Structure formats: structure tokens, C-alpha cells
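One structure is given here, and the rest of the page talks about it.
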């Protein structure tokens, strides 16, 4: 049911019932004193009005199922892109990687997100955590690192979507048609984001079901064709292991669990909904990777170097036929749309949260009067995304990933410091471990982040360093504007902070 239809039913049916109730009650109190009539009607109008406000707010809030699918698209969007793990290390290591890596990376990140999002259920997420742990400077630096890495990653999805479409429609391969397609994609789906987070959430549910369905069908059809001995293959002889590609593939397919934290203020009953949504999404995402991987590696025998990104569509044709390959290719386009929507929402609400913390001027917290969405954050994220979409940005994307890793190290430190600094703070969900065990839980993924950063190129170090310096400069510029009164800042303190 559409957004406008919901409002029509709410106000149309509600208004009809309300008018009939008034008519009945008016006949009952017709003979009472005028002062009592006025008091009675004022009280009734106030209570009914409050109920309508609560109902409309509930319609606009994210509930459990849409939140699960938004988290799913923040992280994965389907098994698209897991294929290079097989190319890099062979079937056995790929299967083990997608079985083990969630326990050393995804689950710790999801646990931290669940605890801190329920302890600080406001928009801004990780920015609020760093600000609360170490102060405004580190809150601003966290915002810089995460926002830049986020919007640059978003820019990859329109390009990825057009790259999938050009297999079906070659006109999008280059030139003006390609550039126009990227522009139209970005603008149309940015507008969808503007219409409301609840709408985006239900849209993500539909995209998730349609894009995952062909993999479920392919896995079922593949069962009679599976040869289990292929699962224990260490790879072809003569093919050198590429551990850098292997670990990067695992990392970026099972990452970004904390992105949804920036929208915590838009979730219905976040104290209960957030932990359940995160744990459901972890199971859902991991199964979505491992089941098709086990099915295809067991059923299809091809040259290891054929396991490039997009090979799942070719495998579907081998297992079932061209119709399933076409469905997976369409599903990949829908997955790119879902990834774009989820991560744009995260970036836009991060901007809103930073304005609520007075890290950014109050102007950045403006919401649409029609949809109550942070239109300034959406517009800013869209403009940067458009600018990056037309660039050759291999090193810039690597730098964005480097910045994200810096942000994650600060996030782990914030989590541990808040546990030590505020041990009695109200935490509706609490990771059931004591501080020494939590330190160990954070050290393992932190060590992995350090390894990822250590193998970066000199260009990545340079670009990341410049972005970080720019972020530090931005913090002191905003501090100067605040002290001089040049721009309006206002820290919005919620009940949980008090």
C-alpha cells in the first residue's frame, strides 16, 4: 500500500469514525452546561489528536523486517562479489573463509553496534559514540572518516548497475548514453530516499526477495549435481594463492554492520528492535553467501581463473539454463539499487546526527516538511556521489577503505572506553562479556585492520593523509565559526544522554 493511500485511510476512516462519535456524544451531553461541553470536547480533541500523531509517527518509523533488509543491503546485497575468494585461494579456503570470518569480524562488529545503538539511540551512530568517549574532536574526525568512505563507496553502485545493464543493453557501454544513465540512476534513487526511510525499508524488502530468489532456486537445482569432494579442493595446481585478494574479498563482503547505527533515531522501539534485527541480518547474510557458494563449487567444475566477479550468473546457466542467468543478472542490478539506497540513507542520517551534536551547523539538520527526511544530508551525499561517479578513482576508493579502517579502530576504542568510563550506564542490550574478554574480542579484528592498512600503497597513504588533515581543518573551522557566531549550532540532547 502506497504512502499516500496509508494517509488517506488513516485520515479518511479516522475522520469518519471521529465525526460519528462526536454526533453520538453531542446528543448525550446536549442538556449539560456549556462549560462542561467545551471542556469535554477539548479533552476529546486533544486525546484523539495525540493518537493520530502517534499513528503517523509509527508509519514513518522503521520496523523490524525493513530494518533487517536495510542492514542486509548495508553489508551484502546478495552473494554478488564473493567469487574472487575462490579465484584467490580455491574452493576449500573460500568456504572456510565465509564460515569462519563472520565469527572474527561480523559478529563482534554487530555486537558492538547492538550495544551502543541501544545505549545511544539517536541519529549519528558511531559519531555519537566517539564524541561521548573522547570528545567533540574525535567525534568530528570519526564523522569525516566514515562519511567520506561512505559517499565514495556509494558512487560505485550506479557504475556497477550500468556495468550489469550493458551486458543486456550494449548502448550503455560508453559515451553519452552511459553518462546519462549514471546521472538518471543517481537522481531517481536519491529522490526515492527523500520520500522516507520507511518507504526505502519496504523497497529494500522487495529488492532483497527478488534478488535472492534466483540463488535459492539455483542452489536447489544444483543438489543432484553436487560432488562433495570438490569442496576440499585447495585449488588448481600452478595457480598461485592471492591472499591479499582473498582477505579483501572477505572483508568487503562482510563489512559495514555499524552503518545502520546512524539511523537509530528513526527505528521503532530501538532497544528491542536493533539487537534482534542485527542478529537476524547476520544469520541471513552469512547463509546468503555460504549456501550458493557451496552449491556452485560442488556442482560446477571450471578453470579457477574463471571465478571473477559475476561468475555466479554463468554458473546459473551451466546448472539450469539461460533463464536463470538472466534473472541473476537482473538481480544484480536490483542489488546495486538496494546497496545505493541503504548506504545513502546511512550517510544522510549521519549528517543529521552530526548537526544534532553541534559538530555541523544546524542547517545540516533540516528535514523535509513533506517526508520528514534529512534533505540537506541527502542532497550533499548525492552531489558528492555524482562527482565521484565520473572519475577514475581506484586509489581514491582504496583510500576510502583505508579511512573506514581508521574509523573502525576508533570505534573499537570508543566501545571499550565507554565500558570502562561508564560501567553503570543504562545499556538495554549489553554484550555478555567482561572488559578483558571484550578487549580480546576487539583485538582480533583490529589486528586484521592493521594488516589491511599496512599493505596499502604510497598513493593511498598520501590521499588518506590529505583527507584526514582536511577533516581536522574542518573541525577547527567549525569551532571558529561557533565561537564567532558566524553559523548557528545547537546540540540536541536526548533523554538517554541525560
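Here the Cβ of each residue, glycine as well, is placed from N, Cα and C on the backbone.
As annotated by TrEMBL, transmembrane segment applies to 54-73 (among others).
Residues or ranges marked as transmembrane segment by TrEMBL: 85-107 (among others).
Within the chain, the transmembrane segment (147-165) has long-range Cβ neighbours (under 8 A, six or more residues past its boundaries) at 172, 178, 181-182, 185-186, 259, 310, 329, 332-333, 336-337, 339-340, 343-344, 346-347, 350-351, 381, 384-386, 388-389, 393, 396-397, 400-401, 403-404, 407, 467, 471. Annotation comment: TrEMBL describes 147-165 (among others) as transmembrane segment.
Here TrEMBL flags 177-194 (among others) as transmembrane segment.
Under the heading transmembrane segment, TrEMBL lists 200-223 (among others). Residues of the same chain lying 6 or more positions beyond the ends of the transmembrane segment (200-223) and with a Cβ under 8 Å from any Cβ of it are 62-63, 65-67, 69-70, 72-73, 77-79, 192-193, 288, 291-292, 294-296, 298-299, 312, 315-316, 319-320, 324, 327-328, 331-332, 334-335, 337-338, 341-342, 345.
The transmembrane segment annotation in TrEMBL covers 243-264 (among others).
Positions annotated as transmembrane segment by TrEMBL: 276-302 (among others).
As annotated by TrEMBL, transmembrane segment applies to 373-393 (among others).
Among the features that TrEMBL reports, transmembrane segment is placed at 399-418 (among others).
Look at TrEMBL and you will find 438-456 (among others) tagged as transmembrane segment. Within the same chain, residues 104-105, 108-109, 111-112, 244, 247-248, 251, 398, 401-402, 405-406, 408-409, 412, 415-416, 419, 431, 464 sit at least 6 positions outside the transmembrane segment (438-456) and bring their C-beta atoms closer than 8 Å to a C-beta of that stretch.
What TrEMBL records for 462-481 (among others) is transmembrane segment.
The highest tally of CB pairs under 8 A with the transmembrane segment (399-418), across 177-194, 243-264, 276-302, 373-393, is held by 243-264. The stretch from 177-194, 243-264, 276-302 that makes the most Cβ contacts under 8 Å with the transmembrane segment (85-107) is 243-264. Away from its own ends, the transmembrane segment (462-481) comes close to residues 136-137, 140-141, 143-145, 148, 359-361, 395-396, 399, 402-403, 406, 456, 487, 489 of its chain (Cβ-Cβ under 8 Å, at least six residues beyond either end).
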